[in-house]
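Visitor: Got a structure for you, questions after.
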Amino acid sequence: MQFTKMHGLGNDFIIVAGMKQVHENVNQLAVRMCDRNFGIGADGLVYILPSAAADFQMRIFNSDGSEPEQCGNAIRCVGKYVYDHRLTDQTTIRVETKAGIQTLELTVTDKRVQSVRVDMGVPILQGLQIPTAIDQDVVLQVPISADGFQSTFTAVSMGNPHCVIMMDRLADLPFDQVGPALEVHPYFPKKTNVEFVEVHAPKEVTMRVWERGAGETLACGTGACAVCVAGVLAGRTERRVLVHLKGGDLEIEWSQTDNHVYMTGPAVEVFQGQWLLSCLNTGKMA
Ligand SMILES: N[C@@H](CCC[C@H](N)C(=O)O)C(=O)O
């Protein structure tokens, strides 16, 4: 099977295109392909499939094999892939995801996509719809504790759930302990992505992310969108923010006009290869 390795700010994906549907054993396949020692290594496996409702369909599987509803960095990679590989000549494309149809605006130089602006849709704020276990119209600055860590969080869904925690200093955070503990916190029945945020100024923040089903990643597009929304709700940021992540920067805007969140950032193709599908043995000792 042919694959292409891509990333958005170091959030890396194995892209598979040209199939009609995902492989039957896709959850195990994602685990094996994403393994950084025994496979190709990636945060997720992404399929670009035909769509009856849009130009293309994206399905993504986390490195633990679970299927999330949405992925901001992967959808930018999909935009670059379909244009650079001549599957379309359009610079505005619509991509169907489990969270709905997203519109992508591609910025092209020398016939290659340099950056992608994605309409990530309207954020979901109602507690049960996110989903959280909290039946409130907005889950804003609610106290939370896990593994000895105490803080407050704001919950936002960008199709997938996010727990946004504002901190005075990111450097003080026992990240590797708290991230996994919050991912499975009982407030989040479908688990959650966790963003820890330091606000430098109303237009500039730094975040670190612990992703549901993938652990720490260098960037999370939906996470950056959730951070912008939570920042506005908490009165800490403006509607346009520059988000610094470990792998680089994203520009996020929560539009007052249509209530949609817009994300702008790069996508990069790294290499292409062939996965030996027939190789069932992982090579690991029993
Ligand atoms: N890295 C992504 C989000 C991928 C899905 C996430 N791990 C989940 O399970 O919801 C992004 O860039 O948005």
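Glycine too: its Cβ is placed from the backbone N, Cα and C atoms.
Unlike curated records, TrEMBL annotations are generated automatically.
Annotations per TrEMBL:
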- Asn11, Asn62, Gly72, Asn73, Asn160, Asn193, Glu211, Arg212, Gly221, Thr222: substrate binding site (BINDING)
- Cys71: active site, proton donor (ACT_SITE)
- Cys71: active site (ACT_SITE)
- Cys220: active site, proton acceptor (ACT_SITE)
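Please go over these features one by one and say how buried each is and what sits next to it.
Guide: Secondary structure from DSSP puts Gly72 (substrate binding site) in a helix. Every protein chain considered, the tally of other Cβ atoms within 10 Å of the Cβ of Gly72 (substrate binding site) stands at 29.
Annotation note: Cys220 (active site, proton acceptor) sits in a coil segment as assigned by DSSP. Other Cβ atoms within 10 Å of the Cβ of Cys220 (active site, proton acceptor) number 35 in total over all chains.
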Visitor: Determine, to the nearest whole angstrom, how far the Cα atom of Asn160 (substrate binding site) is from the Cα atom of Cys71 (active site, proton donor).
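Guide: The separation of the Cα atoms works out to 8 Å.
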